[in-house]
Amino acid sequence: MRRWALSSALLLVLLLTTLPDPAKRLQVNAEESSDELTDLPKVEEKLGAVPHGLSTDSEVVQRESESISRKTLRNSAEKFEFQAEVSRLMDIIINSLYSNKDIFLRELISNASDALDKIRFLALTEKEVLGEGDTAKLEIQIKLDKENKILSIRDRGVGMTKEDLIKNLGTIAKSGTSAFVEKMQTGGDLNLIGQFGVGFYSVYLVADYVEVVSKHNDDKQYVWESKADGSFAISEDTWNEPLGRGTEIKLHLRDEAKEYLEEGKLKELVKKYSEFINFPIYLWATKEVDVEVPADEEESSEEESTPETSEEEETEDEEEKKPKTKTVKETTTEWELLNDMKAVWLRNPKEVTEEEYAKFYHSLAKDFGDDKPMSWSHFSAEGDVEFKALLFVPPKAPHDLYESYYNANKSNLKLFVRRVFISDEFDDLLPKYLSFLMGIVDSDTLPLNVSREMLQQHSSLKTIKKKLIRKALDMIRKLAEEDPDEYSNKEKTDEEKSAMEKKRGQYAKFWNEFGKSIKLGIIEDATNRNRLAKLLRFESSKSDGKLVSLDEYISRMKSGQKDIFYLTGSSKEQLEKSPFLEQLTKKNYEVIYFTDPVDEYLMQYLMDYEDKKFQNVSKEGLKLGKDSKLKDLKESFKELTDWWKKALDTEGIDSVKISNRLHNTPCVVVTSKYGWSSNMEKIMQAQTLSDASKQAYMRGKRVLEINPRHPIIKELRDKVAQDNEDVGLKQTARLVYQTALMESGFNLPDPKDFASSIYRSVQKSLDLSPDAAVEEEEEVEEPEVEEKEATKAAEEEPEYEQYDKDEL
């Protein structure tokens with residue numbers, strides 16, 4: 001053993017003496033690496049430090065050369081300022097006390113998945129865009145550099161050009177940026193950042209310096225970098241590994257974020273947030289494996305030092321002797337697949353658990369809150385058009401669901417064709433009113449190799465749409481049927497009742513979030529209008545604050561009642577005090593309350609339900625049974641109604657009639673059957689671009705209905721009979737009409753005139769003379785202080801030393 005060691009040492013000395021001068025080798029290598037490097041001192045001077053290790057290491061020289069090139073390019077990089085909204089967003093994130101910093105990884109993986117979807121879609125018609133070899137592999141890679149505290153996420157997606165980097169990562173604030181900042185400033189949850197399209201900036205929860213290296217097929221490779229100091233820089237990338245195509249994001253982690261350099265932590269986060277991403281996610285992971293290696297020489301020596309044996313024994317031992325090995329633990333690194341879950345929508349619904357549906361929804365919707373989706377429908381269709389679909393009802397409505405209702409192109413429904421993502425911008429898959437639904441449609445019938453525009457015109461889409469609408473409405477209907485607050489569960493078993501109890505109140509929650517969408521569906525979708533009407537919910541004069549359906553209303557209609565009564569207004573509290581309800585309440589009729597502005601439009605399309613007509617109780621045509629005395633009352637008050645109609649000739653009143661809807665109120669103003677209600681008038685007047693001429697036409701006729709049993713009306717009748725030319729009586733009648741107009745929900749055309757009438761009435765009740773004048777205020781001359789203050793200010797102004805301009 002010692003002899004072998006000595007001979008090895010001699011051989012090593014001999015080899016070292018034959019090597020060329022190290023400094024010369026380093027100089028030659030440096031010259032080959034870069035034209036700028038002519039000798040070793042220049043390298044050291046540029047880097048500011050003497051390289052360590054063997055001076056003949058060509059990798060060291062290459063790294064030093066790259067470092068110089070990198071520093072030179074960075075000095076010449078283009079600098080940009082973040083747009084104001086982006087800077088505000090980054091300030092919120094950087095200074096956030098938000099505890100769940102894990103979200104940054106799911107946002108980066110989600111963005112990487114989107115980029116891979118885009119390149120795969122482009123490859124359907126242009127196969128060459130994918131490239132060859134590793135570049136063609138559509139996958140996401142995560143790599144750790146513990147020594148330098150760098151976490152890298154790389155994809156082989158579509159990549160970004162220089163202009164894309166500027167546009168997407170700083171200078172042009174997308175619509176979601178401002179919305180998210182406002183949400184955060186009002187106490188919003190940072191966990192929702194992905195829903196606003198600004199998830200990239202969550203990297204600053206864990207990193208203080210970020211590099212984005214990207215290569216697009218149509219541009220060179222560029223690097224974007226920022227320390228979140230209000231600016232960023234972009235330069236051509238010549239020092240990083242060529243990506244071929246795609247994007248690599250390098251996070252230089254803060255000291256307090258070291259936990260994200262642990263493989264176990266990253267595996268946990270991918271499992272939690274990104275298990276259902278449609279592309280493989282790999283982690284460059286270390287792994288211990290068992291390896292068979294030859295036994296150590298020392299062990300062999302020990303065996304050789306055993307006592308001597310006979311020659312026969314030695315011969316037998318050598319024949320039986322086999323190579324001696326041992327098993328040792330060896331650490332290797334390899335790409336480890338982190339998400340091997342099959343696409344949920346392709347599996348049998350019976351095999352998918354509730355937790356898996358919830359996790360898939362969170363991944364799909366980029367909503368990682370604690371709330372599960374309210375409901376889901378997982379189904380497949382066969383026949384001429386074959387597809388699989390999975391639809392979800394989100395737990396909450398998006399922040400901008402109705403703000404861009406008619407302008408938004410993007411849908412929440414993703415279309416796949418044979419497992420290849422095509423688009424989420426198809427308006428023909430679901431109607432606008434169901435755009436709040438999240439989901440996936442995967443068709444085997446639609447063609448793959450056609451443009452998106454041609455695909456939109458494909459006949460199969462109409463069939464898919466029809467089936468999706470029916471399934472979506474069935475899902476919402478079942479949501480109501482499973483709610484004990486909606487339907488009686490007397491016929492259910494105890495086990496079924498227990499299961500239903502967990503779903504109590506779920507439909508009321510759905511209605512509060514998405515009820516307006518159902519109403520819009522009734523307006524827009526004539527084919528499914530009756531199905532949608534069954535999903536309507538509202539409060540009524542008998543509901544005690546609970547929501548009731550039209551079916552429930554009809555089930556408790558009074559005998560002989562032919563119409564469904566309703567009233568529109570701005571709030572339930574206002575409607576409960578309405579004079580239009582007086583006789584209806586007294587006679588025990590139920591009245592529906594509609595308080596949403598869209599309800600006015602809704603009732604223009606929903607004319608009837610289950611052979612029952614709808615009747616607005618603030619309009620003409622209300623029938624509450626026959627009044628045997630009505631004919632006599634009309635005759636008794638004919639002189640008053642004719643006189644009053646003439647007295648209000650300038651007010652636009654079409655007629656004055658005896659009312660059958662009042663009990664405690666002297667009179668009300670109603671509109672014609674097809675004219676606007678008072679509530680609709682207010683809605684239209686509030687429109688910025690409303691047409692005054694059209695309003696006058698649509699306003700319809702107004703009718704003053706009087707209560708013949710009220711003492712004020714009876715006294716007016718008697719006064720008119722005595723002297724119908726009395727000016728004071730006309731003023732009183734006009735004041736009563738204006739009060740009725742206001743109580744009926746209309747705006748007064750001349751509030752000043754009404755106020756003057758009230759003041760005159762007050763004067764009369766206080767026995768004040770109509771000519772009583774307002775006392776004049778005595779005018780007191782005030783000293784002119786402006787001049788004094790100006791003089792004082794001039795005196796107090798500091799004197800500045802005067803300089804000659806040449807001296808400056």
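Each Cβ is built from the backbone N, Cα and C atoms, and glycine gets one as well.
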Looking at the ranges 465-507, 594-636, 766-808, which is given as region 'Disordered' in TrEMBL?
766-808
Along the domain 'Histidine kinase/HSP90-like ATPase' (100-257), what average pLDDT does this model show?
83
Taking every protein chain shown into account, which of the binding-site residues ASN168, THR247 has the largest tally of Cβ atoms within 10 Å of its Cβ?
THR247
Neighbour tally for ASP155 (ATP binding site), based on other Cβ positions within 10 Å of its Cβ:
28
Other C-beta atoms that fall within 10 angstroms of the C-beta of GLU107 (ATP binding site):
21
